[in-house]
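According to Swiss-Prot, the feature GTP binding site maps to LEU10, ALA11, GLY12, LYS23, ASN51, ASP69, ASP99, an assignment based on sequence analysis. Among the features that Swiss-Prot reports, Mg(2+) binding site is placed at ASP99.
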Amino acid sequence: MQPNITGVILAGGRSSRMGGNDKGLIPLNGKPLFQYVIDRFKPQVSDLVINANRNQGLYKESGIPVIDDIITGFVGPLAGMHAGLSYASTEWVVFAPCDVPALPSDLVSQLWQGKKQALAAYANDDERAHPTFALMHISLKTQLADYLIRGDRKLMLFLDSINAQRVKFSGKADLFSNLNTPADCDLWEQKRRGQ
């Protein structure tokens, strides 16, 4: 049986490929990108929080609590994961980036079932790993902080170092498509209008 799990939307990055515009706030069909993630993610978790390091007031308008990085300096998704592990009142925390509007509706249940005895798991489709879609036990918080303090930033290296379980999401590569550029957003909107 799946326990209560806290969900964390990772929106703390610099969005350099979006020209510095806060990626989660980019409008898609009149709705901010992160709101699509909330709509898909919230039904899967018992508690939801957004990790953001700027424009926090705009994220708070969603009614979802907003937390910033404890380890500062825009050090990447691992800093947001550390903040989420520090915030959570549940034993397990699941993460999703703010730029994947079609994330799988079974993300959390699949990660939970696929983790086996591991303290962490991450998504992998037929083509590649998606380490920002990860489930972690809060006991990893100290190990993650130590990793970041040493200056390490690579998410996959951290997941490998803790023996995270890779969980296969076959036939779902399109659900993990992230929108990194304005052109990606335009293409996504065109596809939605064509459906």
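Here, residue 1 is simply the first one shown, and the rest follow in order.
Note: Cβ is positioned from N, Cα and C throughout, glycine not excepted.
Taking the Cβ of ASP69 (GTP binding site) as centre and 10 Å as the limit, one finds 21 other Cβ atoms among all the protein chains shown.
With LEU10, ALA11, GLY12, LYS23, ASN51, ASP69, ASP99 listed as the residues that bind GTP, the site has a largest C-alpha separation of 18 Å. Residue density at LYS23 (GTP binding site): 24 other Cβ atoms are found within 10 A of its Cβ, drawing on all protein chains shown.
Neighbours of LEU10 (GTP binding site), defined as other CB atoms within 10 A of its CB across all chains, total 28. Non-local neighbourhood of ASN51 (GTP binding site): VAL8, ILE9, LEU10, ALA11, GLY12, VAL66, ILE67, ASP68, ASP69, GLY80, ALA83, GLY84, each in the same chain, at least six residues away, with C-beta under 8 Å from its C-beta.
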